[in-house]
């Protein structure tokens, strides 16, 4: 597969930049409302030629729902498939990512998948550790290993902002606790979950995460397996079916690669055996995905023949 050049990335960014005007910030999390809606950046991390980047590619932003892929991988390492999927399902949903509807209407009362908020909260509740500090350090160290960036941390301001306004997520937790899906202290779980979502990265970090998943968990630069292959396979399957909220089907048709988005404007994707892509564009569409980020991935996929279908 031919390597993309930096000037090509810059041209594509300029081409899709007008789309940022059509999106909106995720103001329901107050700190995210302070982002610049015109920001747009991209990085591509290739298995052989390291990375190229353009635009606001070194601006820090929080993972938000992208962290769900990280914690799913950790939970599978900690607990194994049988336990994890006894508590969380494997099916996509047409409901909003923060909806409680399916919890109430499915006979098992378990979340449909790990990429919706209820499922992600259940996954976080499974992580090993004596307390939240130990669990959070494990999550951070996992992200540092994948990104090869030892400075990765989280934004306490964003975490606090989310914790103070997470009324719906608390209700999801209480409902799941009532039905035996989780048994954690709710406030402790919410504290850990909001900190996990507030982990800060830039596009280059995100592209490197994408590369590791593209290589089935293998780091071609460190020459070692970071995540077991079977776990990356599970994670990437969920990224295809559920990774882009209620646009996952359209994204599969228009772009055709495993990807996960977050409401801070991040998207990471992976082209199997080749490269990872990291994008930041905080102006979101109606489904909570970066509106310009979606478009640039659509153009790149068409140009480079990325689709897996």
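Sequential numbering from 1, following the chain as shown.
Glycine residues also receive a Cβ, built from the backbone N, Cα and C atoms like all the rest.
Features as listed in Swiss-Prot:
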type	residues	note
BINDING	65, 117, 162, 169, 193, 245, 263	substrate binding site
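Features recorded in Swiss-Prot, as mapped to the structure shown.
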residue : record                 : DSSP class
65      : substrate binding site : helix
117     : substrate binding site : helix
162     : substrate binding site : helix
169     : substrate binding site : helix
193     : substrate binding site : helix
245     : substrate binding site : helix
263     : substrate binding site : coil
Binding-site residues: 193, 245 - member with fewest neighbouring CB atoms within 10 Å: 245
Cβ packing number for residue 65 (substrate binding site), 10 Å threshold: 22
Chain-internal residues, separated by at least six, CB under 8 A from residue 162 (substrate binding site): 29, 31, 194, 197, 198
Maximum Cα-Cα separation (Å), residues 65, 117, 162, 169, 193, 245, 263 listed as binding substrate: 19
